[in-house]
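If you check TrEMBL, you get these features:
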{"type": "SITE", "residues": "Arg23", "note": "site 'Transition state stabilizer'"}
{"type": "SITE", "residues": "Lys30", "note": "site 'Transition state stabilizer'"}
{"type": "SITE", "residues": "Arg160", "note": "site 'Positions MEP for the nucleophilic attack'"}
{"type": "SITE", "residues": "Lys213", "note": "site 'Positions MEP for the nucleophilic attack'"}
Amino acid sequence: MTAHVSVRGDVAVLVPAAGLGLRLGPGGPKALRLLGGEPLLVHAVRRLALAPSVGCIVVAAPVDGVSSVQDLLAPVAPVLVVPGGATRQASVAFALAAVPAEFDIVLVHDAARALTPPELVEDVAAAVRGGHAAVIPVLPVVDTIKQVSDSGIVVATVDRSSLRAVQTPQGFRRSVLEKAHASATDEHTDDAGMAERIGETVHTVPGSEMALKITRPLDLEIAALLLRQ
Ligand SMILES: Nc1ccn([C@@H]2O[C@H](COP(=O)(O)OP(=O)(O)OP(=O)(O)O)[C@@H](O)[C@H]2O)c(=O)n1
Ligand SMILES: C[C@](O)(CO)[C@H](O)COP(=O)(O)O
């Protein structure tokens, strides 16, 4: 079965979409929750497929939803669908194992960042193509950040000038992502964290407000407003 979205794209994108969405509240797996009448996963995959660099999309779906996700995405873009794992990291690893051999650049993109514009995908892909083995989109931190003890007492005010909020898609030379996953002995919240652990330099590019991660109920309402704009 071919997973190619277009003949010109040299980039494979892994889409972890197997999370439960516990912070969003009841309503089933988050990637299948509706935004403007369509599942988050459909929004995410449609935007990925619009990025000219993308030649292959591999989705890690809820374990009991592989065939329904295949049916859901068939009219949107050609995709490979694999069963996800118990953690995001496991879901990414399963999807990575399914990437066809010819793709040397691999991006990892949360289904939960459903409104991420194709332009950000292109920016990350271009930075990897340009020679950076690991690339992440980031935004400045806008709140004052404090370190707080378990008992709720402020320990310190953190200098935020060097802090960044990290988004996806995160882009890698395939060999780097494979090595990072093969070497990981503990759980990481993002793939760049695993690359850091094996000594890779991680490059940043400017992120996008549209790439917000839909995590809590208010995020879904904000995304609905953004979608209507
Ligand atoms: N076992 C898991 C856990 C998460 N994810 C995916 O990783 C992305 C980022 O995870 P997050 O936003 O934290 O999603 P959930 O794990 O679903 O959220 P929660 O922690 O609230 O349950 C999501 O697209 C989610 O579907 C996954 O593929 N497999
Ligand atoms: C990968 C990620 O989206 C980068 O911000 C994020 O770490 C994943 O979110 P989670 O909620 O911690 O799984």
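Every residue gets a Cβ built from N, Cα and C, even glycine.
All TrEMBL annotations are machine predictions without curation.
Contact annotation for recorded sites (Arg23, Lys30, Arg160, Lys213) versus ligand 2: Lys213, each with CB under 6 Å from a ligand atom. A C-beta separation below 8 Å, combined with a sequence spacing of at least six in one chain, links Arg23 (site 'Transition state stabilizer') to Thr215, Arg216. Residues near Lys213 (site 'Positions MEP for the nucleophilic attack') in space but far in sequence (CB under 8 A, at least 6 apart, same chain), listed by position: Asp110, Ala112, Arg113, Gln167, Asp219.
Of the listed recorded sites, namely Lys30, Arg160, the sparsest Cβ surroundings within 10 Å are found at Arg160. It is 31 Å from the Cα atom of Lys30 (site 'Transition state stabilizer') to that of Arg160 (site 'Positions MEP for the nucleophilic attack').
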